[in-house]
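> Have a look at the structure that comes next, please.
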Amino acid sequence: MWVLLFCLVMASCQYSLLKSVQPDPASPIHGHNQIITYSRPIYFCVLCGLILLLDTGAKARHPPSYIVYGLKLFSPVFLQSARDYLIVFLYCFPAISLLGLFPQINTFCIYLLEQIDMLFFGGSAVSGITSAVYSVARSILAAALLHAVCFSAVKEPWSTQHIPALFSAFCGLLVALSYHLSRQSSDPSVLMSFIQCRLLPKFLHQNLEESAADPLPKKMKDSVMDVLKWDLIVCAVVAVLSFAVSASTVFLSLRPFLSIVLFALAGAVGFVTHYLLPQLRKHHPWMWISHPILKNKEYHQREVRDVAHLMWFERLYVWLQCFEKYILYPALILNALTIDAFLISNHRRLGTHWDIFLMIIAGMKLLRTSFCNPVYQFINLSFTVIFFHFDYKDISESFLLDFFMVSILFSKASELAIFFILTF
């Protein structure tokens, strides 16, 4: 019976290659659509491939097993359960396709790559399949470079009195790359056009002809050039400063006192910057005060005729945000990176390469998020400290990995909350 059902599922996917079923609920295009023809077969092949991989892993004699947060990953029981769930899901394939719950394969690929770049590397949203591939490839290339440098630094044990210069160089490179990537667009079209105009005279001549008709592309290329020039200067300064701070052994010498101070300072600065000051400036703070507490100079004027006066709390907000983005969170993450690297050099939890990989991914994601979107970082940090230092201290892996996982969970929880509110 199960074999017959599997043959029916496979036949329906094969039939969609011969004659596309129209209208398809998953297709946003009425009439002929080339992409939807290949969606079902590709989904079927991907699911079957995952089932075969999980079955091979479940039947392995000596499979690798890792315990993370009390969960035993990649054990035969875990892989077998995942395989069985996928088999049931595969049998429900015709009903799921009939209801249109599968997106088009290109939409699925864009969303998958976008979520990988945003959740694991700290990237931003993408505008298409080219943008998604470019963003993920850029992040993977940066992570591979950082992995090579970091592995050479932690493969030998080191003491608290001496930090290898290669690890300090890794810290400087990580902060500089994270800052640069946080300022770059996920759309490579303008950058590619700029590179073509610089390298190939043919494209330069064509660009001059287009600029005469439309000045906007030239302004966009000039903007990209200005950003690259500024990043070159700032990244060099940031790398040198991060190298110097990491090489000073201050993070290992003052632990755990320095970590507690950084936690408290980050929580206090984030609370004041992103909650207290915006609430005090609202028309009805906390919905029970009738007037804003922090008022602009022009608040009582009926008509403003001069340039708006810059108030002291507006200056305070900008300075606190700059301090938080460019000093406080980089110092906090570098402190966690140094402690984790010291522990990895003396004791491997998941193996050297896996430990380094998780440390790099977590550090890059948290730094990029701190540089480009630090609004909710103090909430994630506060929850991480309270949950893993007081409530469930026994299952904590490391502060860096805990902070990384909490930021992912809170990001998805906020998306679900927004989706529920919009739906309601």
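Glycine is no exception: its Cβ is also placed from the backbone N, Cα and C atoms.
Straight from TrEMBL, here's the annotation block:
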type     : residues : note
SIGNAL   : 1-18     : signal peptide
TRANSMEM : 34-54    : transmembrane segment
TRANSMEM : 88-113   : transmembrane segment
TRANSMEM : 125-149  : transmembrane segment
TRANSMEM : 161-182  : transmembrane segment
TRANSMEM : 228-251  : transmembrane segment
TRANSMEM : 257-277  : transmembrane segment
TRANSMEM : 326-344  : transmembrane segment
TRANSMEM : 374-392  : transmembrane segment
TRANSMEM : 398-422  : transmembrane segment
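Give me the structural setting of these features: burial, nearby parts and distances.
Counting only same-chain residues 6+ beyond the ends of the signal peptide (1-18), those with a CB under 8 A from a CB of the stretch are 37-41, 43-44, 90-91, 93-94, 97.
Residues of the same chain lying 6 or more positions beyond the ends of the transmembrane segment (125-149) and with a Cβ under 8 Å from any Cβ of it are 106, 109-110, 113-114, 116-118, 166, 169-170, 173-174, 177, 181, 184, 186-189, 353, 356-357, 360-361, 364.
When Cβ-Cβ distances below 8 Å are used as the criterion, the transmembrane segment (161-182) is approached by residues 122-123, 138-139, 142, 145-146, 149-150, 152-154, 231, 234-236, 238-247, 249, 252, 330, 334, 337-338, 341, 360, 363-364, 367-368, 371-372 of the same chain, each at least six residues removed from its ends.
Residues of the same chain lying 6 or more positions beyond the ends of the transmembrane segment (326-344) and with a Cβ under 8 Å from any Cβ of it are 150, 153-154, 158, 160, 163, 167, 171, 174-175, 242, 245-246, 251-252, 255, 258-259, 262-263, 265-266, 269, 352, 355-356, 359, 363, 366-367, 370-371, 374, 377, 381, 398-401, 403.
With a threshold of 8 Å between CB atoms, the same-chain residues lying at least 6 positions outside the transmembrane segment (374-392) that come near it are 263, 266-267, 269-271, 274, 321, 324-325, 329, 332, 399, 402-403, 406-407, 410, 414.
Taking Cβ pairs closer than 8 Å, the transmembrane segment (398-422) reaches residues 69, 118-120, 259, 333, 336-337, 339-340, 343, 358-359, 361-363, 365-366, 369, 376-377, 379-381, 383-384, 387-388 in its own chain, all 6 or more past its ends.
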> Counting only residues 6+ away from its ends, which parts of the chain sit with a Cβ under 8 Å from the transmembrane segment (228-251)?
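Non-local partners: 160-163, 165, 167-169, 171-177, 179-180, 183, 258, 330-331, 334-335, 338-339.
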> May I ask for the residues of the chain that lie six or more residues beyond the transmembrane segment (88-113) and have a Cβ under 8 Å from a Cβ within it?
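Same-chain residues near the transmembrane segment (88-113) but 6 or more away: 2, 5-6, 8-9, 12-13, 24-28, 35-36, 38-40, 42-44, 47-48, 51, 126, 128-129, 132-133, 135-136.
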